[in-house]
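S.K.: I'd like to ask some things about the structure below.
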Amino acid sequence: MSCNWGTELWDQFDNLEKHTSWGIDFLERFTKFVKERAEIELSYAKQIRSLSKKYHPKRSREDESRYTWCLAFASTLRQLNEVAAQREELAENLNSQIVCELIRYSQELKTERKTHFQDGRRTQQHIESSWKQLESSKRRFERDCKEAERAQHVSDRIDLDNKTDGEKARQAAQHKHQAAEESRKDYVTSLTQFNQDQHQHYHTLVPVIYQRIQDMEERRIERICEALRSSAEAERKVLPVVTGCLDAMMDAAESVQPRMDTRQVVEVYKSGFDPPGDVEFEDYSATMRRSISESSYLDNRTEGRRHSRKLWPFIRKNKLLTLLSSPRQPPPPPPTSPSPGGVADCPQSPPSSSREPITQRLNDLMTSGSRTRKQCLRSLKRGGSSPADCSHLPPEQRRKKLQTRINNINEEIQREREQRNALLKMRDVYEQTPHLGDVSSLDPRLDEVKQNLKRLEEELRTNQTHNPVQLSTRLSVYLSVSTCLSLCTCLPLSPDGSYTEDHNAELHFKSRSSEFDEDFDDEEPLPSIASCKSLYPFQGQNEGTLSMVEGELLSVVEEDKGDGWTRVRRNLEEEGYVPTSYIKVFLDSSAKGAMTYI
């Protein structure tokens with residue numbers, strides 16, 4: 001249905017002015033609405049991004065890369081970042097495509113409306129002026145007609161009484177008739193002109209002006225409709241990406257595998273130690289018997305030394321001793337009711353933090369003075385950085401750590417070898433076709449690759465040496481060959497690994513196994529780094545442990561690596577591990593005098 005404001009609303013100029021003014025106000029309010037919505041979207045995106053950043057790991061943590069639920073949460077945070085980016089893009093589109101355009105259009109609309117209504121007011125003023133002129137000529141014509149009629153009556157009355165005065169009255173009446181005739185002509189002219197102006201006003205000027213106002217109003221409504229459509233289209237544009245983010249969040253949630261995470265906990269925290277055995281009976285009456293005389297104490301020590309010399313010949317002061325004698329079981333707890341002599345010095349449980357290995361500070365200890373040595377020992381006791389050989393870790397974790405390191409080094413070696421082969425092929429091509437390139441230009445790169453390969457192979461050998469898997473393979477071969485040699489020489493072996501005093505067989509065994517000792521006898525005995533005093537008696541029943549009596553003074557040759565065992569020495573031949581909680585380490589110079597006879 002078509003309509004025309006010029007014909008339908010020809011007399012509603014004031015109402016049209018009010019309506020168009022209200023339409024512009026609505027356009028400005030709608031612009032403000034879109035602007036505030038864009039600000040809300042931008043603020044929402046900022047808050048989502050801040051929230052994701054807050055709960056995202058500050059740095060790459062190895063723990064969070066192992067478990068599927070951590071990976072799923074990290075993926076959700078990344079998708080939230082993408083959602084925030086899409087919301088920022090939506091806000092940018094609303095501001096650039098809608099808000100700015102509406103603000104510019106609102107100014108243009110105000111100017112256009114002002115022009116149209118100024119034209120309407122001018123036409124209104126013109127028709128009103130024409131109407132006023134018509135009314136003026138009409139009143140003048142009416143007045144002149146009345147005066148002419150009144151002059152005619154006066155002339156007729158005077159003519160009957162006095163002919164002289166009658167002539168004057170007739171002339172005056174005639175003059176009035178002429179004025180009335182002129183007024184009539186002027187009135188007719190004004191009337192004709194007003195009718196023409198009025199016809200032009202209501203049939204030409206007003207319809208044209210009102211049609212322009214109507215077109216302006218329709219364009220304003222169409223622009224609002226377009227803005228609504230653009231805002232919906234801008235949001236629909238980001239919906240596929242947001243939907244993809246939500247689908248990725250769902251996939252991340254579906255990827256969580258509880259059973260795999262629980263297995264991963266075993267892989268991470270499995271120590272490799274065997275569960276502790278039964279707690280044996282502790283004979284506290286032995287302390288009473290030992291305190292009867294000092295000679296009995298010395299006899300016990302002598303007897304212990306004599307017994308220790310009959311142990312399995314593999315227990316010696318070299319690398320093999322360290323590998324074989326390190327206890328796999330956790331140390332026993334200290335007695336709940338120690339002897340009176342050990343109550344004051346009862347130690348606490350060893351700290352669980354990793355400690356710096358002694359091998360990293362051995363040179364400082366051996367070359368520095370007494371004061372510096374004390375500081376080094378105190379730093380060792382407090383703990384330091386993790387050792388390169390991962391000796392601070394439990395066996396299982398150490399094996400996995402070193403194996404991962406070996407795999408990474410092998411991958412780097414493979415890449416370097418491939419690069420070396422490519423360079424060699426390129427050098428062959430340059431030698432055959434010199435115009436393709438200079439052969440000497442490849443030498444620096446080849447030297448660099450060779451150096452890298454040499455360095456990586458050295459690191460690989462070092463880590464393979466530290467790897468318990470490699471060491472256990474070598475030890476298995478060593479033990480198997482040694483056992484075969486012992487059986488061949490008819491060495492009587494006891495169940496606990498000891499042998500009899502058959503010196504000829506022992507010499508024959510040592511000569512047969514000397515080639516296997518070369519790999520383990522290349523180091524000097526570890527130096528003494530501190531002294532310690534036993535707080536409780538300890539019976540070393542496991543292989544690699546050292547028995548001790550209460551109050552005995554020993555030398556510390558290797559600190560506690562975090563497993564609760566400390567390596568000590570009684571003399572140059574007797575070494576072994578004792579529970580760290582059973583001894584007290586002396587770090588001051590007052591212990592030197594106590595250790596002179598050790």
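Every residue, even glycine, has its Cβ placed from backbone N, Cα and C.
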S.K.: What range among 41-64, 161-184 does TrEMBL record as region 'Disordered'?
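M.R.: Checked against TrEMBL: region 'Disordered' maps to 161-184.
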S.K.: Quick one: sort out which of 106-126, 379-399, 400-420 is the region 'Disordered' according to TrEMBL.
M.R.: 379-399
S.K.: Could you give me the DSSP helix, strand and coil counts for the domain 'REM-1' (392-469)?
M.R.: 71 helix, 0 strand, 7 coil
S.K.: Please list the DSSP helix, strand and coil residue counts for the domain 'SH3' (527-588).
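M.R.: Across the domain 'SH3' (527-588), the residues distribute as 3 helix, 28 strand, 31 coil.
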